[in-house]
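Participant: Pasting a structure here, questions to come.
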Amino acid sequence: MHGLLLAGLAVALPLGVAGHPARPQTALSPRGIDVNAYRFTSTAKYNEHKTTSQMVQSFAYSKDDDYVATATKLVKSTFPNMTFRTVKDHYIGTNGIGHVHFKQTAHDIDIDNADFNVNIGRDGKVFTFGNSFYQGEMPKTNPMVKRDYSDPVKALHGAIKTLKIPVKPESAKAMPMDEVETFKFEGTSGALSEPKAKLVYIQKDGNLHLTWRVETDVGDNWLLSYVDSKESETVHNVVDYVASADYKVFAFGLNDPTEGQPSMIKDPWNTTGSGSPFTWHGDGKTDYTVTRGNNVAAQDNPSGGSQWENNYRPDSPQLSFVYDYSDQMEPEDYKDFAITQLFYTTNTFHDVLYSLGFTEEAGNFQVNNGNKGGKGNDFAICNAQDGSGTNNANFATPPDGQPGRMRMYTWTTSKPKRDGDLEAGIVIHEYTHGLSNRLCGGPANSNCLNDLEAGGMGEGWGDFYATAIRLKQGDTHDTDYTMGEWAANQKGGIREYPYSTNMQTNPYTYADVKGMREVHGIGTVWATILYDVLWNLIDDHGMGKNVMPKMVDGVPTDGRTLAMKLVLDGMTLMPCNPNFMQARDAIIDADMALTKGANKCSLMKAFAKRGLGSNTKPGKGYTNNFDMPSGC
């Protein structure tokens, strides 16, 4: 779950669509489910480029193999006695790296948290790879032969009872779907879509456990609950997909109403690259006169309900979305302006990310992919002034082919209330959950930021992109930024420290992760490190006036968009459920792929400054190391 919890307020805050907290932090959902208690523990290993180059020197390449075949050969040679399947989400990124993902199996049943990702370079050779394959003893018999497991309906009842999921299963019937031992449940009520169950193994505590993976979408939580196949009230683990024309808007780069005034912007898709070929108001089949198109459907949702398609949207046959806003107005009195702002911010960010490599093949959010790969029919459903909560926001990211869902709330921390739709940093943070969940582990797997440390980096990436985009001309290495300060009406923002390169202003280092038990605190450490990365690259390459990247041979020409590109490319390289060290190495490897390592020393200088030096030790010790690699 992803959202925005804040700190130090004398109000009752919703605790679980995980707000973007800062100080006192909790992992409880609105119903009291402690999702942190059910997180998977990552077993991922990542082989960065230098190590991979040495390891695969003897690997047998064939000039006749395509990148998928080469990746498959590597998996077979690494684990010759294991079975696996190729996940159908492979693609070649804009940096020329091919990405292929594999899922380990046992008796043709998926081991749901056992993954192998292979990244193939432009030369056709293995660039990097990572895996979390299970290497223990395999089950000797196929459980499907004697059906040695409970009925899936019992698993549904068990998940609902144990986790207090607000779904009524009394009349549930399991109806077979196309995949083996996969069912949907008819006759339930309370979920936004029919619950599903699939028989899968999971690895836990060094052993395999046969489970029913029960999927329930109830809005604030979209859960995958791994229920023991025999003891239906035993839930081993849980994954949550939720992370908490003419337009008169605050222009992209203005974070909130304190930074400027609304202005008129005409046909913005003409200046945001090739990400929106149908404009923002069409999907190749239908042209809309409301705030709906190929990338985004933005509407109000005052009831907080699950319906969105027929909800209110501003409508202008002339595509003139010009509405009034004043900081003296209550949010419901400027809902047209708020919906338009949300539509503008999310579409612009979609186009920025598209130019950086979050394309159709990579799993982006679009209805019509235009025969460019990936799965369509999955734009972002964005609810403005959603009535299901306050002082918060969240984004749900199912796998590619299913729409993402953003819920933006009003904030009751000032009079009049404030609307999170008007703070671009919150919107960008939420949308970035969609980016990171689609890229890490591949677009078909949204379970790869479930480990506590990995989930923390998911929060940190959101803050990083929100902060990078709000930088202004004239900012320097000494400029500090906060998160959520305007919406929360809280000086200093909703994080423990502002983002700063000054160690006195923000003293966070890698060692501070030790002892943290909540993703937002961990995320603040990660975003702090990336803020130093950002400014080292800006100091080296400058910062363009426009956040839309200018490219030369696929490489951004300024430091800000180069940092955004390297962080994005790093997500595509790292293994499922990565840790800080693996994410650091993946960013270094992304630079190797993009610039042949031209920025390695500047990157490592930032990492080492915050304790992630070249001799940092793996494991959960979280001991700082400030060493630079040889050659820097």
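Note: Cβ is positioned from N, Cα and C throughout, glycine not excepted.
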Participant: Can you tell me which of these residues Swiss-Prot lists as N-linked glycosylation site: Asn81, Asn270?
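Facilitator: Checking Swiss-Prot against Asn81, Asn270, the N-linked glycosylation site entry points to Asn270.
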Participant: With Swiss-Prot as the source, identify the stretch among 294-313, 474-493 annotated region 'Disordered'.
Facilitator: 294-313
Participant: Rounded to the nearest Å, what's the C-alpha distance separating Glu430 (active site) and Asn270 (N-linked glycosylation site)? Just drop the number here, would you?
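Facilitator: Answer for this pair: 25 Å between alpha carbons.
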Participant: Can you tell me the CA-to-CA distance separating His429 (Zn(2+) binding site) and Asn270 (N-linked glycosylation site), as a whole number of Å?
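Facilitator: Taking the Cα atoms only, His429 (Zn(2+) binding site) lies 24 Å from Asn270 (N-linked glycosylation site).
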Participant: Take the compositional bias 'Polar residues' (294-310) and count its residues per DSSP category (helix H/G/I, strand E/B, coil), listing them in that order.
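Facilitator: Output for the compositional bias 'Polar residues' (294-310) reads 0 helix, 5 strand, 12 coil.
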Participant: How long is the line from the C-alpha of Asn270 (N-linked glycosylation site) to the C-alpha of His433 (Zn(2+) binding site), rounded to the nearest angstrom?
Facilitator: 26
Participant: Inside 10 Å of the Cβ of His433 (Zn(2+) binding site), count up the other Cβ atoms and send me the figure.
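Facilitator: A 10 Å sphere around the Cβ of His433 (Zn(2+) binding site) contains 28 other Cβ atoms.
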Participant: Would you count the other C-beta atoms found within 10 angstroms of the C-beta of Glu430 (active site) for me?
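Facilitator: Taking all protein chains shown, Glu430 (active site) has 30 Cβ neighbours within 10 Å.
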